[in-house]
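Novice: Summarising the annotation, Swiss-Prot assigns active site to ARG150, LYS174, HIS246, ARG249, HIS272. Taken from Swiss-Prot, the feature active site, O-(3'-phospho-DNA)-tyrosine intermediate applies to TYR281, supported by sequence analysis. As annotated by Swiss-Prot, domain 'Core-binding (CB)' applies to 2-88, with the evidence given as sequence analysis. According to Swiss-Prot, the feature domain 'Tyr recombinase' maps to 109-294.
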Amino acid sequence: MIQEGKLEQQFFDYLHSERNYSVNTSTAYENDLLDFRRFLNEQAITTYQQVTFLDVRIYLTELKQKSFSRTTVARKISSLRSFYTFLLRENVINENPFTYVSHAKNQLRLPKFFYSEEMEALFQVVYEDNETLTLRDRVLLEVLYGTGIRVSECAGILLPDLDTSYQAILIRGKGNKERYVPFGAYAEDAITDYLPERVNLMSRYKKSHDALLVNHYGDPLTTRGIRYCLTKIISKASLTRKIHPHMLRHTFATDLLNNGADMRTVQELLGHASLSSTQIYTHVTKEHLKSTYMKHHPRA
């Protein structure tokens, strides 16, 4: 049975001291957490770490059956998402089970992904010339799309992490969990072309480190720097809809499932602690199939 303890108190202290929430708002959060804890105890779930996306769906169904207003449900979702975001920040959990639950409609918030023509436009940008930073961006795009790793994980890749004989990269994920992810021929060729230019750039600025990706001064490329580079690539590709770099990870998972990969393998490649975090992509692939049908079938 889950009882109120140190985690909850730390969260409430965080709301008061760092978020400056009012007493009324904090009380609402406490009540929402109390109600969720009651539900977990009824489900024989003994720790917050055990909660999965499917448990969240069951809880939302229960709220709907109790005829809570949409506003109340949205507030409860917001409270619990904030609590789990706090647990994630404190390294208590590896995945936030509330990530893909929508505030407004109490529905899944499906991950967005790139369509094939959009991916082609992105790759055209990084293959337009062989300048040093273009070669770097080519590695960036080929590795992110080819492995599905997070932007933060990409920033942490060191040269010793590359195993070119097996075409695999050692990745340090959330909670410092390590996993090997394979990469394909395109990524291998991009890395091979880039490494000599990386050496030249670092020598020019007298830099010495093992980071795979570097900026224009030869320093390690940070997570923020990677996001900036990707934003520039997206801008050059003239893609019109609202796009964010994490969509490359979503596209990796969606493309694998669309082409017959099994769920467990995709889970392992993504570094998801829970299979429920990966199951969200089955909804994406169904939506993709439906949208493709509606777009291309003459009788749709």
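The backbone N, Cα and C atoms fix where each Cβ goes, and this holds for glycine too.
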Novice: Spatial neighbours of ARG150 (active site) among the active-site residues ARG249, HIS272, TYR281, defined as Cα within 10 A: which are they?
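Specialist: Qualifying among ARG249, HIS272, TYR281: ARG249.
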Novice: Based on Cβ atoms within 10 Å, give me the single least packed residue among the active-site residues LYS174, ARG249.
Specialist: LYS174
Novice: Over all shown protein chains, what is the count of other CB atoms within 10 A of the CB belonging to HIS272 (active site)?
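Specialist: Looking across every protein chain shown, the total is 19.
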Novice: Of ARG150, HIS246, which of the active-site residues has the most Cβ neighbours inside 10 Å?
Specialist: ARG150
Novice: Can you give me the Cα-Cα distance between HIS272 (active site) and ARG249 (active site) in Å, rounded to a whole number?
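Specialist: About 12 Å separates the two Cα atoms.
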Novice: In DSSP terms, helix, strand or coil for TYR281 (active site, O-(3'-phospho-DNA)-tyrosine intermediate)?
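Specialist: It is helical.
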Novice: By DSSP, what is the split of the domain 'Core-binding (CB)' (2-88) into helix, strand and coil residues?
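Specialist: Taking each residue of the domain 'Core-binding (CB)' (2-88) in turn, the totals are 67 helix, 0 strand, 20 coil.
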Novice: For TYR281 (active site, O-(3'-phospho-DNA)-tyrosine intermediate), what residues in its own chain, 6 or more apart in sequence, show a Cβ-Cβ distance under 8 Å?
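Specialist: Listed in sequence order, they are PRO111, HIS250, ALA253, THR254, LEU257, VAL266.
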Novice: In three-state terms from DSSP, label ARG249 (active site) for me.
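Specialist: In three-state terms, ARG249 (active site) counts as helix.
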Novice: Between LYS174 (active site) and ARG249 (active site), find the distance joining the two CA atoms and give it rounded to the nearest Å.
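Specialist: That comes out at 15 Å between the alpha carbons.
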